[in-house]
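For reference, the structure discussed in these notes is given below.
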Ligand SMILES: [Cu+2]
């Protein structure tokens, strides 16, 4: 049964990935799919910037511009940032806690395929009559009026991929609760594991309101509902509430894991333990908690009244406190450290001022009275790109360079990595810094063009030039990946030489079972402790024995495919009555696969002691 | 994990649902999932509360709701929760036959509830209270209908488990499955208590 070290054909490899339940392979799937969507969202961003480079441009105008703008935001948040965060979590978290696998390997695969089919469904809209065009927030008053099926693609696609995210979040919550190795207490968990834990809890409570909002909108658009139609007593503000009860925590779902990645990198490349570990944990939990109390700061101009605005303004500003704690802890980690400016470390160092700027403009926006001025202007666009790019994307790029050797067994070129970094860093600030001022000068967001003579020409041109810097950086990164894959240097287990956490104690890439023997964790930075005491490997917590592994399965793929088909069926049911049966057939495929999963026993299989010994010996020699 | 081993009432653990790592994962994972479900129903309740008097000249809650029908349905569902507790009691005592019996009673009561709900919805539609009548009607059918869909899924789930395991009896592999299904059933019941209060009682009082 074991698939250890066996050469396989292309078909077998594809089948392997379609059916895999191994968190390391699922990480690679998330990385590839998220990466492709990231490129799509990036191309959309370039089209936007080309259109806005000069006044009165007619490159992409009107409805098409709206579609590109909507898909840029939706793709980047749901189909690029989320899965790339999940790629990092899957690649690292189980190993960081000393586990052989996640709590629910089958559900882990299901989560990926749901996300994937949801994303593909959403992007099918480009070829089937036009993409969604009401902005990534898809406010009901706009989206109910949108003709065609663009919004339906949004509503159905995000429901499917949202289920996937929810399942992924539950999986990581339970994994971290039940699968920790002996001695891995909560207060010994690496910061990336902690932030994954809190982000997963946020997913659990933030995604259901989004799902409900999407269901209500689906009812209104496809089945004659009246939730958002004022003529029948509906209320469009309900959508805004539901969307932002999800939308604000979503920012933390993305940025907390990025904080975790930076925490690992600062400690590793300063050769010091993370400063203020327990206050970092506290700040993470506090940010997660406060993240649910602030959603209405997106609705200051909706007319909720001065009391509500004041409460939400103060709550929002309060989040600056735990975030400030984190910033100072990172600075103090570097203080007096033995710093190595590797590519991941460059991103980490650049992240601090970049993200702080996003935080400062965040507090500015939080002042409700002032927000009336900033609202719907490029100032807001600049703000959230400083948070999302300066925080999340820097974090993902840092994490990708940092853990690439662990995931693929080869070191990315540091030279090309640094080229990517500088191009991206300069391009990022070039693009978005000037947008603060464009916003303050009155340029509204989401417009497809502007007139000359308002003082906006230079700013917009600079912004467009910056975007091309970032595009070039991405191309260099792709070249780096290709070159590395073809002839990269093989990575050691402790690829950077200064690894502190458990993932650096296992081979790069790790064997299917992660740990031949479950390790005994003796403190924070478990691997560092062992190295400092002169040991080569980890202290085992159990004798060598057979290892139990879960069986691969094609069912996650089919369950997700069923929903994909069902979504098409329900979307076209008003034009073609037979389409309703397609929808029902799709649901039956999904329910039938779930039924099969329920009635077929799955006890997994064992890798035998002899195979493990053989694999471990080979790994040591190679 | 010797799940295939022959178990007796003496060797069967006190908490069979948490005796294996898989079982423990299921147990915690399902509680977590119910946390998410709670937020989902909370969102639906909030929407309903915002729209409950937006009847757009259609039927109002006072005109529609009839106490006897809803009361009987409520009693059926509450009792089914109790019978599922009996089933779990017998599961822990390794008495498979009695567990199946009480699960069967649970399914019958649940099916009775579902039948009454379908009858009720049918009545409303004939009285001119359709899904598309008003914001109130949309939010009513979505909230109560989502609950009804949960009941339907729960019934299919419990039936599947009963039939699948009818011949081989209890073991540590399927005990967590039964336990988690009964947790789900209790959750559905708790949600109904809120629906009964917020939708029906508050609707009839006005
Ligand atoms: Cu916010």
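Every residue gets a Cβ built from N, Cα and C, even glycine.
TrEMBL: automatically predicted annotations, no manual curation.
Lifted from TrEMBL, the feature list:
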DOMAIN    A:9-522  domain 'Cytochrome oxidase subunit I profile'
TRANSMEM  A:27-48  transmembrane segment
TRANSMEM  A:105-128  transmembrane segment
TRANSMEM  A:153-179  transmembrane segment
TRANSMEM  A:191-218  transmembrane segment
TRANSMEM  A:238-262  transmembrane segment
TRANSMEM  A:274-295  transmembrane segment
TRANSMEM  A:307-332  transmembrane segment
TRANSMEM  A:344-364  transmembrane segment
TRANSMEM  A:416-441  transmembrane segment
TRANSMEM  A:461-483  transmembrane segment
TRANSMEM  A:554-572  transmembrane segment
TRANSMEM  A:578-600  transmembrane segment
Would you say the transmembrane segment (A:27-48) and the transmembrane segment (A:461-483) are in contact under the rule of three or more C-beta pairs closer than 8 Å, pairs 6 or more apart in sequence?
yes
If contact means at least 3 Cβ pairs within less than 8 Å, sequence distance 6 or more, would you call the transmembrane segment (A:274-295) and the transmembrane segment (A:191-218) in contact?
yes
Contact between the transmembrane segment (A:554-572) and the transmembrane segment (A:153-179) is defined here as three or more C-beta pairs under 8 Å separated by at least 6 residues; is that satisfied?
yes
Highest-contact recorded stretch vs the transmembrane segment (A:238-262), from A:105-128, A:191-218, A:344-364, A:578-600, CB pairs under 8 Å:
A:191-218
Mean per-residue pLDDT computed across the domain 'Cytochrome oxidase subunit I profile' (A:9-522):
96
